[in-house]
Ligand SMILES: Nc1nc2c(c(=O)[nH]1)N[C@H]1C(S)=C(S)[C@@H](COP(=O)(O)O)O[C@H]1N2
Ligand SMILES: [Mo]
């Protein structure tokens, strides 16, 4: 005969295994939700699956593909899920018998998932979030559910039972109550996990739909093509930033923890505020307008002297001044507060959007629809102004207003209300620390003074005289310009400095100022050893 103690021990083993599985369902479900919201494609099962793919030998991959064909990924995820369930059950049992062994298992495998998430190609720090959620939530739920197995279980009675036999056994009643409580909480945990996972999946399906819609979009041909880029605009010096920055390597700066995924067919832009007519335009209407192409260099106010928060692209869009002309700003207006779908705002002088500069509502970047992270479906591009006061991505509203009435996102956080881009220049080659031998060395880089243009660039070695660099042909005043200078380098340690002069004759200052509140100043320099 099996003793009552042995039976209850066995049932508690089953229940602790169940607790482990439910805790993992809860934790992984919440992780899927986090992935759906903040880090698509970084769900813990998925990243572990990807890690396994990376680590498996070619023959195994071939075998799996030959066995399961295109279902190979689904099979892999199912296997990872099954393994996770077995591990979770084991963690439940061990957490019950030898706490905190179960939690240790959860933390160990959670750490593996975090590792898998952040070591993927193109992974950002946010991609660790789902795995961290899975680890922490599973550990907490496991502790709580296994804890329910311990409370108020009948205590072993020492000595003779003083109660008369006729009384109901309070231990047994409490046991039934505890069991019900345990099952309720376990079921609830598993249920929440499943719901959260479903929510995450829906959310990911939504973002994939936005990706797919963007990929399908064919942009109209420009009514006004960009001025041809002169052959002499690139000096073809290896190591100098390419004249046009590829979309993949274009710097990205924004406050969006999660890139807004806008359904372009739902997108509308409203022009509101101090206008005679409110104007509203949808995406199809915008694309039907005569679009213009222009090449403009965008820069971030946080770009340090010599930094790389700057890029040059050919944009396709519609002049904002033409839309504003329809809206007819009233005489007292002096600013446009542009707002993105996620609430971020920028304050742009009305004049910069109505003068002859090519301020546009852009839909295309280097021949393709705007990448999601660069503002799909529509963003602003305004030559001559830092991004934080002009380049609103995912833009949905232009509110015509006054600087003394509204303050934009960064202007309430220590940055200036106005942000014209400062004249600057950068040395791209030689790089600090590169091995150099005496003789001819090409010093080269880029210089920019958007909307004014560059007239000259000079280079100085140590404290010597400034020497005039060769300038590449300009694309326009709105783009950076390459420069180079051939240096007959003597052995020793040397410091190279650069300074630009803009088309108005202003010489780049040597006074070093930090990026806040309105852009860094100073001169880029690089120290090299020639030997
Ligand atoms: N919606 C939104 N637009 C934004 C920002 C932002 O945080 N949110 N950042 C701005 C800043 S500070 C810069 S420098 C540019 C950068 O544009 P990019 O990421 O396409 O290079 O976008 C601007 N537009
Ligand atoms: Mo910026």
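For all residues, glycine too, the Cβ spot is worked out from N, Cα and C.
A TrEMBL annotation is a machine prediction, not a hand-curated record.
Looking at the stretches 73-92, 153-172, 173-192, 193-212, the one that TrEMBL records under the feature transmembrane segment is 73-92. The stretch that TrEMBL tags with transmembrane segment, taken from the ranges 104-123, 224-243, 244-263, is 104-123. Long-range contacts of the transmembrane segment (129-149) within the same chain, counting only residues at least 6 positions beyond its ends with a Cβ under 8 Å from a Cβ of the stretch, are 12, 15-16, 19-20, 22-24, 26-28, 30-32, 34-35, 38-39, 42-44, 47, 88, 91-92, 95-96, 99-100, 102-103, 106-107, 109-111, 113-114, 116-117, 178, 181-182, 185-186, 189. Summarising model confidence by region, the domain 'Oxidoreductase molybdopterin-binding' (257-406) averages a pLDDT of 96. For the region 'Disordered' (511-531), the number of residues in each DSSP class (helix H, G, I; strand E, B; coil) is 0 helix, 8 strand, 13 coil.
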